[in-house]
Amino acid sequence: MKIEAVIFDWAGTTVDYGCFAPLEVFMEIFHKRGVGITAEEARKPMGLLKIDHVRALTEMPRIANEWNRIFGKLPTETDIQEMYEEFEEILFAILPRYASPIHGVKEVIASLRERGIKIGSTTGYTREMMDIVAKEAALQGYKPDFLVTPDDVPAGRPYPWMCYKNAMELGVYPMNHMIKIGDTVSDMKEGRNAGMWTVGVILGSSELGLSEEEVENMDPAELREKIEVVRNRFVENGAHFTIETMQELESVMERIEKQELIIS
């Protein structure tokens, strides 16, 4: 079996180490309404279409109960739409600052292309958001062959449609000749639902939720413990493989190709 294409996520996988761009904005739009949410809560639905992310936050029991305590009712679809509009406005202003390729990504992409492998991508950002991110990332040397957003298909993650559209546009089939790599639980589900080899990357991921500085300064034993928690979470949600950095991706590909592994 030969791997013919790799489909990458964006924030937390190829750009925006730690996936910090949306995090503070999610927390801010709830805080403005007197409902405090933690970074851990804000990260949990990461990878979903952003309005679905806001909706998922309002459905968390603790957050819903706090909202009910303050407003005397549960969040409505109108509340969700209003918060999402605020989220978009704030995020658009800061996105250019969070589009730098993560260390090592450009080198891995170049190596894959030398092997004739096509590069696709999926995201939880809208097309309008990605117009900003993709343009800035391209200026800094990262440009996949194809990009699909949830706006381009009937539904975003965990549905497989973005991966299928990549496959069609890149001209690659069957799906087990492709790898999906991402940094969230929804990425793992997307890849598995699409019938692809699915890989979770840990350092720089939203699931780990640490900045480069925090990783560098953390006690090695504590960091190792956090890495293993994320690794287990990826595996529990369908990852065939986990890697700590993007530089390990090609060794995963070689395992798939040389051992003639079968997707299960």
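The backbone N, Cα and C atoms fix where each Cβ goes, and this holds for glycine too.
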From D152, D183, the one annotated by Swiss-Prot with D9, A11 for Mg(2+): D183
D9, D183 as recorded positions, winner by CB count within 10 A: D183
C-alpha spacing of K50 (active site, schiff-base intermediate with substrate) relative to A11 (Mg(2+) binding site), in angstrom: 13
